[in-house]
Amino acid sequence: MNMLLFFTLGLFVHFVFFVSIFDIYFTSPLVHGMTPQFTPLPPPAKRLVLFVADGLRADALYELDENGNSRAPFLRNIIMYEGSWGISHTRVPTESRPGHVALIAGFYEDVSAVAKGWKENPVEFDSLFNESKYTWSWGSPDILPMFAKGASGDHVYTYSYDAKTEDFGANDATKLDTWVFDNVKDFFDTARNNQSLFSKINEEKIVFFLHLLGIDTNGHAHRPSSRDYKDNIKKVDDGVKEIVSMFKHFYGNDGKTTFIFTSDHGMTDWGFHGAGHPSETLTPLVTWGAGIKYAQKVSAQQFDDAFLKEWRLENWKRQDINQADIAPLMASLIGVPFPLNSVGILPVDYLNNTDLFKAESMFTNAVQILEQFKVKMTQKKEVTLPFLFTPFKLLSDSKQLNILRKARSYIKQGKFDEAVSLCKELIHLALEGLSYYHTYDRFFLGINVVAGFVGWTSYASLLIIKSHSNLTRGLTVKKSSHLLPYGFLAAGLLVALFLLIQACPWTYYVYCLLPVPIWYAVLREFQVVQDLVASLLTFPLSHFVGYLLVFTVGIEVLVLSFFYRYMLTAGLIVFAGWPFLTKLWTQAKITSLSWTVFSLLLAVFPLMPVVGRTPDISLVMGAGLLVLLLSLFAVPSLIKRKGSLAKEELLVHLLQILSTVLSMYVVYSTNSSLLRKQGLPLMNQILSWAVLASSLVVPLLSSPALFQRLFSILLSLMSTYLLLSTGYEALFPLVLSCLMFVWIHMEQETLQQSGISCKKKLASIQFSYTMDITQFRQLYLDDIRRAFFLVFFLVTAFFGTGNIASINSFELASVYCFLTVFSPFMMGALMMWKILIPFVLVMCAFEAVQLTTQLSSKSLFLIVLVISDIMALHFFFLVKDYGSWLDIGTSISHYVIVMSMTIFLVFLNGLAQVLTTKKLRLRGKPKSHHM
């Protein structure tokens, strides 16, 4: 098979496997076609005011400061005397969009919606704002439009500031919140003189939504432990106090206003959010006003945590709820229909109303969720063959009717508590049923993806054995049976027909039909399998078991490193002893000693603090000085050279030194400017982008001589890496590159030791060396070790820089030399490039290893793909959607990271080839050198 075609196919297959996890575990839970349900009794409130302090952690609001005072005295006073409070538990992903959807629409959005944009509605959903008579909202341009666009009619009004004001390097992010409070006050002042507006805000069933982004912005910029974050909480508390006072004054203390104060998500100690750590999923909830229970004093409370003692709130009743429960609570308070897609359970303990009202509201909630269950069941039944449909047994049609009749009967008899508990039972069963139908096809899809995974890995392995090893040489090639293609064609048609009858989505066709051609390709190589088995039978059993055991332990160490970073340290210590376990120590003492020293130095990095450490610019400066020192060592040898090419190379080298000096200046200058709260200087921003743009071009101007080109790549990428560093991680690429240089020497020594080829002088090898296909050697067992080394170094390149196996393994501070105004995709791209730079360095060294060991780059790369796929399959089975949100988030993150790594490997392999083999000239025509 043509290699380009093979890699294109491989890329497509891996992309399908990557996307499959979201189709299997995280599809949109929305169904349509339900009828609105509302409580048939007069509501306690006419209007509702919702404050959402974006990015506010529960502990940050509730805890007392070092002097024993509350950061939010007004809200603390509400908790102790006027209202009800608790912790609102959010879900993964802990981002602003899904958090607000859970709060206002009452359902948990699927993960993919985060990628579809913050502002637009990728799916149509009902919300509290849509059900209200009017809603006025103030705040971020990233949040407000999605609820306005989703609303039917023209009754949701939004007032936003300019997106450019969301600046993490700005003087004062609290101005985002001050803007909201000031605009709300101006709005009510205007209403006094505007009869049309005045009548609207005196209607019933209206909502005022205040989105406060300052705390989130300060958290990202300065971290939640900072004075800025904590002071912002005090500012918000003061602002809430003023708004509440204004509402009471405007409406003449009519007692018909309900206030709800909460947050969409929390934040990690290092100022990020997205995964499932408790610091991200625990948010505050404080409610008071019309229809809300007053503060309740209790003598003892039972919770699994020690928060009450820490916050000194042991004697005030804490009522924890799920974030989606807030939507039905708000709907019942102002008497609007519950949002159609809401899965929230009404927290009746928050209500200060008659038992009849509570029972009726709970009954409405039960019917509203049951409606979704019925629609979901009908939809699934319609598209499933009758003999294959298995209904949800715990909630049959008769059971639904029985519970509803019984609950209605209890309400008529005045047995309200029994009615409430019966409705809760029905809700839990309906939610269980919704989940059952939502995940109905999971097992079926999972089997197909695993079949594709195993088939692909088998095919890649067979391709390695057939094309690049001598295991099958000299054996007769039999033609495969003519029945085989027809058999697989028939199987494919049957699968397609089965999916067509069931009206399955198009993605199902991809997952189910992909294994068919893959397994056809595997079975076509049946002769290779026979030859392989015949060859293995001649192999000593003890040797075979030993090699298999070593390979398995190696894979497991890589998998375990995602859970325990120190496994990489253990692996690198074993690597350090490798020359002593073989005869390499006697053959090349200095090289072996260098290998041991740099392996042990690299082994320190996985033990260093993870993301969340305090930034240390002195370490970044130190790394920059080391780079300059290394660069200056190379200058004398370049000066000694003669000719125009030598002058050109010297010029390129001096340009790279200048680039490093500029990077150090920008890092120091930007850090000082941000500490003074003067924002990112424009000149620094221009220099940063210029350094980034030049880093991929300048190496192409350097000499194609092996070490000169690799050194040039290191210098260019290090100048960018310094700009993206905040601490010790700036030293990592240097130590990694030193080990990579030694690795190239070590691999040449092993090749000479095994007698496969004679030793070539490394200084004479050039990347532009046009390798004749006949000079490629066959694969040997030791090449699996080389491929394993590469995968191990790639995993170390990820975890060694302080990353954790989580999708929130990022620090926004690392992009502040490039931009400080909130731009999720640009910031994400820069942080991704920071992760990829050590990968590129490893891949370039791998190119050199392939060249010096006379190996076809494709053959060794195929082994790397097989090892990566075996790891990915491990994590596919470890993905879960039950347990704590930390476990769920981590399991998804592991799979996403390892699959992304495999997909990026294909691109990085191409990038490494371009960086090492292409040659640009400052004058004249550019030349291209092919391997």
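Cβ coordinates are placed from backbone N, Cα and C, and glycine is handled just like the others.
If you look up TrEMBL, you'll see 432-884 marked as domain 'GPI ethanolamine phosphate transferase 1 C-terminal'.
Counting residues 6+ beyond its ends, the transmembrane segment (443-462) has Cβ neighbours under 8 Å at 10, 13, 16-17, 20, 23-24, 508, 511-512, 514-515, 518-519, 521-522, 525, 528-529, 532, 862, 865-866, 869-870, 872-873, 876 in the same chain. Annotation comment: TrEMBL describes 443-462 (among others) as transmembrane segment.
According to TrEMBL, the feature transmembrane segment maps to 483-500 (among others).
Sequence-distant neighbours of the transmembrane segment (506-523) (same chain, 6+ residues past either end, Cβ-Cβ under 8 Å): 13, 16, 19-20, 23, 441, 445, 448-449, 451-452, 455-456, 458-459, 462, 480, 484-485, 488, 491-492, 495-496, 499. The transmembrane segment annotation in TrEMBL covers 506-523 (among others).
The transmembrane segment annotation in TrEMBL covers 532-550 (among others).
Residues or ranges marked as transmembrane segment by TrEMBL: 562-581 (among others).
For the transmembrane segment (617-638), the list of distant contacts is 646, 649-650, 653-654, 656-657, 660-661, 663-664, 667-668, 671, 711, 715, 718-719, 722, 725-728, 730-731, 734: same-chain residues at least six beyond its ends, Cβ to Cβ under 8 Å. The transmembrane segment annotation in TrEMBL covers 617-638 (among others).
What TrEMBL records for 680-701 (among others) is transmembrane segment. Same-chain residues lying 6 or more positions outside the transmembrane segment (680-701) and placing a CB less than 8 Å from one of its CB atoms are 169, 648, 652, 655-656, 659, 662-663, 665-666, 669-670, 673-674, 709, 712-713, 716-717, 719-720, 723, 816-820, 833, 914-915, 918-922.
Same-chain neighbours of the transmembrane segment (730-746): 579, 584, 588, 591-592, 594-595, 598-599, 601-602, 605, 619-620, 622-624, 626-627, 630, 706-707, 710, 714, 717-718, 721-722, 762, 789, 793, 796-797, 800-801, 837-838, 841-842, 844-845, 848-849, 852, counting only residues six or more beyond its ends whose CB sits under 8 Å from a CB of the stretch. The transmembrane segment feature in TrEMBL is assigned to 730-746 (among others).
Under the heading transmembrane segment, TrEMBL lists 787-805 (among others).
Among the features that TrEMBL reports, transmembrane segment is placed at 825-848 (among others). Panel annotation: around the transmembrane segment (825-848), residues 692, 706, 710, 713-714, 717, 720-721, 724-725, 732-733, 736-737, 740-741, 743-744, 767, 790, 793-794, 797-798, 800-801, 803, 810-812, 814-815, 818-819, 857, 860, 901, 904-905, 908-909, 911-913, 915-917 of the same chain, lying at least six beyond its termini, place a Cβ under 8 Å from a Cβ of the stretch.
The transmembrane segment annotation in TrEMBL covers 860-880 (among others). Among residues of the same chain six or more beyond the transmembrane segment (860-880), those with a C-beta under 8 A of the stretch's C-beta atoms are 10, 17, 21, 25, 449-450, 453-454, 456-457, 460-461, 463-464, 468, 555, 558-559, 562, 779, 783-784, 786-788, 790-791, 846, 849-850, 887-888, 891-892, 894-895, 898-899, 901-902, 905, 909.
For 892-915 (among others), the entry in TrEMBL reads transmembrane segment.
Across all of the domain 'GPI ethanolamine phosphate transferase 1 C-terminal' (432-884), the predicted model scores a mean pLDDT of 83.
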